[in-house]
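Structure first, then comments.
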Amino acid sequence: MRTLWIVAVLLLGVEGSLVQFEMMIMEVAKRSGLLWYSAYGCYCGWGGHGRPQDATDRCCFVHDCCYGKATDCNPKRVSYTYSEENGEIVCGGDDPCGTQICECDKAAAICFRDNIPSYDNKYWLFPPKNCQEEPEPC
């Protein structure tokens with residue numbers, strides 16, 4: 001119950017796709033993005049630098065790159081619509097920006113699910129000083 005309270009407090013004031021991304025990760029990977037991926041490796045969480053530490057961290061790197069390629073929108077604030085059909089996430093709606101961000105989030109959620117075996121607790125709360133290598137291009 002305490003964990004649920006912490007999650008609720010952390011989500012206060014969070015807008016748009018961040019909440020939707022959390023819900024999508026829960027649906028696809030069956031785990032909380034906030035609790036598993038918000039402070040993992042060099043790229044999961046706010047910011048990102050250095051080289052991805054493993055396949056899970058690479059999911060976040062690719063997600064950051066995808067957000068960077070989204071045109072004319074603020075990825076962390078735009079809302080989007082999606083549905084689940086036959087176990088698949090389907091992005092919808094009339095907003096091109098929202099659709100781009102939804103597709104980025106969908107790819108990341110699938111990547112997290114597919115790379116659960118690579119998750120290593122040593123990368124949780126990974127010190128930024130360990131992320132100083134030259135970053136690779138998107």
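Each Cβ is built from the backbone N, Cα and C atoms, and glycine gets one as well.
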Can you pick which of Asp54, Asp64 Swiss-Prot lists for the same Ca(2+) site as Tyr43, Gly45, Gly47?
Asp64
Of the candidates Cys91, Cys97, Cys102, the one sharing a disulfide with Cys73 in Swiss-Prot:
Cys97
From the disulfide entries in Swiss-Prot, identify which of Cys59, Cys60, Cys65 pairs with Cys138.
Cys65
From the candidates Cys60, Cys66, Cys91, select the one that Swiss-Prot records as forming a disulfide bond with Cys44.
Cys60
Based on what Swiss-Prot records, which one of Cys59, Cys66 is disulphide-bonded to Cys111?
Cys59
Considering the candidates Cys66, Cys131, which is the cysteine that Swiss-Prot reports in a disulfide bond with Cys104?
Cys66
Determine, using Cα-Cα distances only, which of these recorded positions is closest to Cys111 (disulfide bond): Tyr43, Gly45, Gly47, Asp105.
Asp105
Assigned conformation of Gly47 (Ca(2+) binding site) - DSSP reduced to three states:
coil
Say you check the Cα of Asp64 (Ca(2+) binding site) against those of the disulfide-bonded residues Cys44, Cys73, Cys91; which is nearest?
Cys44
Using the alpha carbons only, what distance in Å do you get between His63 (active site) and Gly45 (Ca(2+) binding site) once rounded?
11
